[in-house]
């Protein structure tokens, strides 16, 4: 027994190999600091979520929330319903806008086609002559004037046809040239037709053509 006591008395702290007290205090302090930090982070997260929910609630109209105080899940459900209803209204407004824009484009196209300037295209292949005249519905006198000019220039009209697109009328005239016209060309007739369609350079010539048309009987034309 005495020997055991002597052995225990001879054991020092180094012989037992225990961690120093300063290390134990440091570990305890680090653990406490980590817990405090986690609590602060969680508190900040909760505060941030509360602020976001308050902002979301302020954006939702009052008629969507009948109760003054709602739990957080209920507030989110109300906000989701409001967002879906708002999305439907936006889509409906977009469809209405597209319909109105389509109507406006159609109206613009109709106005532009009705007020479009007359156009003339002349193609010649040997004795064959093709004249394409496009104009508005209100400018149908141009066809009669074109036929009159062709007759005056000795160009025989074989047939004529027309088609309608919107408020524009397209006339196609097939004619045949005489031998002299093939030899000397259709410059004069072409110039007269261009003056008719795009504007006369001489008011006197335009007046003569108008007077001739008023005096010329329409039954003479056999197309």
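Note: Cβ is positioned from N, Cα and C throughout, glycine not excepted.
Any TrEMBL annotation is an automated prediction that lacks curation.
Values in this document were obtained by computation on a predicted structure and should not be read as measured data.
In TrEMBL, the region 'Disordered' annotation falls on 93-119 of the listed ranges 66-92, 93-119, 120-146. Summarised by DSSP class, the composition of the domain 'BHLH' (33-86) is 45 helix, 0 strand, 9 coil.
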